[in-house]
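So the structure is just underneath, and the comments pick up after that.
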Amino acid sequence: MAVMSVRLLPVLCLALLSLRGSAAYDPDDIALLQAAQVPSPYGSLWPLPQAVQISPDVYYIPPGEFSIVHGAGSTAGPTCVVLEKAFQRYYDYMFGYEQRDGRDVDASAPSSGRLLQLEVVITSKENECHKYPHINSDESYKLIIDDSGAVLQASQVWGALRGLETFSQLVYRDSTGAFTVNKTHIADAPRFSHRGVLLDTSRHFLPLKTIFLNLEAMSFNKMNVFHWHIVDDQSFPYQSALFPELSNKGAYHPFTHVYTPVDVRMVIEYARHRGIRVVPEFDSPGHTSSWGKGQKDLLTPCYTDGQPSGTYGPINPILNSSYCFMDELFQEISLVFADQYIHLGGDEVDVSCWKSNPDITKFMSEHGFGTDYRKLESLYVQRLVIIYFLLSLEGSSSMCLHTWLITVPCDPWR
């Protein structure tokens, strides 16, 4: 029954190769290798669902006659593009190669005990067919394969996508070459609502096809958040409509190593069809060297012996123009990216440049910060939070007009 899915083999191989590299295996490694050769009672299910019952009873699937369809009573139908594309995609995952190579795969299947259809039933009126996945998406599902047929039931389309992945993992080929699936009852829901993978496309630019491959791999593992670390010190590949010089001067190459608004929308849509959120990260006030190349007076001028050194540090947190820029940039980002969240970074801020700048040290003294630059960084981050909070309420924070923010002491909410 337990034949490993071809899609899982690279994962296992990488895991085993990473144990010792070319060094000799120790006893624990040998035990792991031996365990990997023992058939799992759950077949190739990954990750293991919450509740699984798999029977030795087998049903044969003739690919030429098999189909994935909307079940009776489902609130979704042919207009649900997410499911329609998923039906075709998962059919191809399971049988596409065999159909394309011209083999008569149906001939090897017995004439009795056949499974000809998987019915997908969405139960909620709020099936979210035409929405984007979010933090509260319902990814639960039930899958039953028995003598009466195969039914995948989910409240929303996101659960159906996870159930289709599970069904595809259950399908295997027996010793005769026939596609088979065991009698199965599964009830599943994720333990964690955020199951993410981060890709850094600033330090190492990744073409769209590579991002798509990663999203595909995420769907195989039922991951649901693509944390897109899109910009950093090294480069600014995000092509802004409002601030085109950011990528023109900050990207590795202004034409070949950028993500246009169309590229971003393609990534978001590709991810949506796999139940994956796209959460962008625009890290600041540190990690912004590339930003300063295309945005004048954004970064803090550094000083040596009381004179400008010609180098620059983090974003200048005492200028209202800095917040005006961030306000406008975030307005654009909130329109381009569909998710309600954005990652603001805030890590690894080198404050040595701030310490050297006389305007900033004066600001610190005037606001009672002393020499605690954590308070200055905290003030900056809190102001960014205000920007995004106001954007979520109004669609525009008008931060350029909020000059009161620059005059308050350490609590910008007062």
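Quick reminder: no glycine exception, Cβ is built from N, Cα and C everywhere.
Per TrEMBL, the features are as follows:
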SIGNAL    1-24  signal peptide
DOMAIN    45-170  domain 'Beta-hexosaminidase eukaryotic type N-terminal'
DOMAIN    192-384  domain 'Glycoside hydrolase family 20 catalytic'
ACT_SITE  E348  active site, proton donor
In the chain carrying the residue listed as 'active site, proton donor', residues 6 or more apart in sequence that have Cβ under 8 angstroms from it: G286, H287
For the domain 'Beta-hexosaminidase eukaryotic type N-terminal' (45-170), residues assigned helix / strand / coil by DSSP: 38 helix, 33 strand, 55 coil
Arithmetic mean of per-residue pLDDT over the domain 'Beta-hexosaminidase eukaryotic type N-terminal' (45-170): 92
